[in-house]
């Protein structure tokens, strides 16, 4: 209504609408709106500096700790460091690509990304393509290296689920059928993961799905019921699989079988204990000298604790808290701006990083059973490094587009005043100087002929709400339950 009132005032300024408006005035109007559209297109955004700083600091710390923890594992002291740097370079390239790609383009391919999840999880079982390590079929053999497919699945699935919640957020809030569709999809993905087997990543995907459904509008009560139904099956998977049961028993008391099932955890705890307050010094770890298995991947946190001490551990946890906190803040900001796809992606990536880092640190501290989950951005591992960097690039793109929309909102609002997030701005047409306004014709005192209907002005110009909402649907929709949670 406000936009229509401004348009009518603008037309009155030019001497009426339709036949009463001269051609040169209409041309001036079109030229002015064209210039305004050009100015709006030139508006850019900026990437979140806190998010970027936390990611770069964690990745830099990862380079140092991979070099320190793997120096005695191969004949060449920098074998794993060189590989890590190569994969990190590839990850940075993927991150730059994601930072330069519009989110609407990514959303348009959400179905293809979901299909890629299933294809990747099936390919590992194809003879000649899949690679088996320690009895697990989790990798694709690329010749020069192996690629762990679940790392791609995490990113692709979060993007698909974010798109689904945008397209069906009313239905997810109101019906069982819409809520159970992503549950069915993640159930199929988890089934394929358990065949590899990969119990840790399965639980991670289930947890991220449950949290994103709640944030997307599903009632918490409806989420709890499927969880209660799945819980006995998950417990049975642990009890009836001997190696999983050994992990649980060794986690409860690793010192009972210190040289057997509790070997990894007991050495990890000894490394953490040696670190004390300030650590033994960078590069001076003893446990990494072929005592602690996987010291450069799953148990790199123990080496950090030994070399940098309690102070270094607090710094690492603080960096993860900053990264995840900024992701959640960004998600909340996007949802308030009606940019739901961007917001759900930010929430999903933040949940993934938070849960995986918590599990990895918890395993090293002995508060959780051993899982094969790396420490994001720090641990060595080509697949993890590549896909985590890609996720960071997508997250930074979310921050860029949110900032750009905020600047656009300021430009469109009168006198630069901010418009509330719940009221999308309408385009404001700059007034043409009065020198161009022709004199009005005197009106006759006749009540016969009604005024001609006003011709539509610049119908091809998209409303600002379409730009500010990003890739969300344009029609009014019920807001998700996240507003009630917040």
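Backbone N, Cα and C define each Cβ position, glycine as well.
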Which listed span Swiss-Prot calls transmembrane segment, if the choices are 13-33, 223-243: 223-243
Membrane topology agreement for residue 112 and residue 298 per Swiss-Prot: no
Which of 113-133, 142-162, 223-243, 299-319, 375-395 contacts the transmembrane segment (175-195) most, counting Cβ pairs under 8 Å: 113-133
Contact check, the transmembrane segment (142-162) vs the transmembrane segment (51-71), 3+ Cβ pairs under 8 Å, seq sep 6+: no
Helix, strand and coil totals (DSSP H, G, I; E, B; other) for the topological domain 'Periplasmic' (244-298): 22 helix, 0 strand, 33 coil
Interface-richest range of 51-71, 299-319, 375-395 toward the transmembrane segment (78-98), CB pairs under 8 Å: 375-395
Residue counts (helix, strand, coil, in that order) that DSSP gives for the topological domain 'Periplasmic' (364-374): 2 helix, 0 strand, 9 coil
DSSP residue counts for the topological domain 'Periplasmic' (134-141), split into helix, strand and coil: 0 helix, 6 strand, 2 coil
Contact set, same chain, for the topological domain 'Periplasmic' (134-141): CB under 8 Å, 6 or more residues outside the stretch: 120, 123-125, 128, 147-150, 195-198, 383
